[in-house]
Amino acid sequence: MMLSRDLRAEAAVRLWIMFLLLEDLLGACAVGDYQRRVPSAPNTDIRNTLEKPRVTTQEVAGPHTLRYDLMALSLKLPELPQVLIWRYFDDEPFLHYNESSNRTDSWEPRIKRHWRAMTWARETEDLQEMVEQLKRMLAEVTGQKGQDKGLHILQATLGCELQRNGSTRGFWHLGYDGRNLLTFDQKTLTWTMDMPFTQQKKTFWEPRAPRADLVKTFLDDTCPAQLQRHLASLRSEPLDTGSPMVIVTFRNYPLGRVTLTCRAFNLYPHMATRGTLAWLQDRKLVKQKAFEPGTILPSGDRTYQIWVSIWVLPGQEPQFTCNLSYHGGNIEKRAVIVNTVSGEKTRQPSTSGVGGRVKKSLWTTMTTAFMVTSWTRKTGGDSTLLLLWWLLFFSTVLAVLTLV
């Protein structure tokens, strides 16, 4: 059944009124959400607040790992050296040894600068001993009767880990042709087979493994000393990856609010544990988020990054500044919007914040009152007039909530 013209018009007006009411309701919720998430902060001396050092147990005690990966080939190939050694600190490569050139080199420039010639000679000598040990074992294995004279590969993974409580744990694994072979047990000081074996295989391999007393000395003394030496070199000289960077990004939401995100990159370990990233509004601390374990993210190059976000109202962005305070420096980045089309920096209109919301709420109420009053005069609808008074009441409540 078709509605009359008057009923259709009244239904359209009611739908339009409900749309305006819903729009105001969502806007008021957004403001309330903003006020809950970004509370006002007292007038605090920013230097005293941001420069308090925070030291984590991870910075002092670890865990940290020093690991060697060794590979020896039974045949000399023109494309590859017969023996290769890589050394890893916390699973990142930083030192390698090439038997063809008989030299040790580092992928980290600061290791080259910090270590003296005597240190390099000692490191090279230690690696050469590992090379000779690996080559002897491979020669004994391939020299046995019945062994295939083709290409064989002997691999070893060994090292130590510094625990959080200051204790160390060692490990030594051997592999042959890509399969796990033997593992050293530090408690019993014996080698155990890692794969299904017969007594003949056990008798063949275990006597040819490195001597237990030499392995124990390396895992208990040599490796922990090397790990501590490397940790000392890391603490004495900062990473050479450039200065920290601070980037501010924006994200607009349809409910009348903007998310400001501040990201800090290129943070050295001592910066990440003793620095603070915070938002300032008109030079006053708004929301502070200190660097804590669990919030620091590794970047993959031994530096770290962190971010902090707040919600603001459209037009308030120029009032906010992101502040990165760390030992040795201070970086500030203003929240200036970049026009993605022209690349020019712009600012939001000055009408914003609570005043803007109140203005919009009052405008909606007045417009609604005018339209519905005009319609009720033509139709004489008492029900529509009653709806008007309810809408005026709710709009007034929303305006008051916006001011709170």
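Yeah, the Cβs are placed from backbone N, Cα and C, and that goes for glycine too.
Look at Swiss-Prot and you will find 224-338 tagged as domain 'Ig-like C1-type'.
Here Swiss-Prot flags Asn98 (among others) as N-linked glycosylation site, drawing on sequence analysis.
According to Swiss-Prot, the feature N-linked glycosylation site maps to Asn102 (among others).
In three-state terms derived from DSSP, Asn165 (N-linked glycosylation site) belongs to neither a helical nor a strand segment and is classed as coil. Other Cβ atoms within 10 Å of the Cβ of Asn165 (N-linked glycosylation site) number 9 in total over all chains. As annotated by Swiss-Prot, N-linked glycosylation site applies to Asn165 (among others), with the evidence given as sequence analysis.
A strand conformation is recorded for Asn323 (N-linked glycosylation site) in the three-state DSSP classification. Marked as N-linked glycosylation site by Swiss-Prot on the basis of sequence analysis: Asn323 (among others).
Residues annotated as GPI-anchor amidated serine in Swiss-Prot, with similarity to another entry given as evidence: Ser374.
Per-residue pLDDT, averaged across the region 'Alpha-1' (59-150), gives 73. Taken from Swiss-Prot, the feature region 'Alpha-1' applies to 59-150, supported by sequence analysis.
Taken from Swiss-Prot, the feature region 'Alpha-2' applies to 151-242.
Among the features that Swiss-Prot reports, region 'Alpha-3' is placed at 243-342, with the record citing sequence analysis.
According to Swiss-Prot, the feature region 'Connecting peptide' maps to 343-373, an assignment based on sequence analysis.
The signal peptide annotation in Swiss-Prot covers 1-30, and the record cites sequence analysis as its basis.
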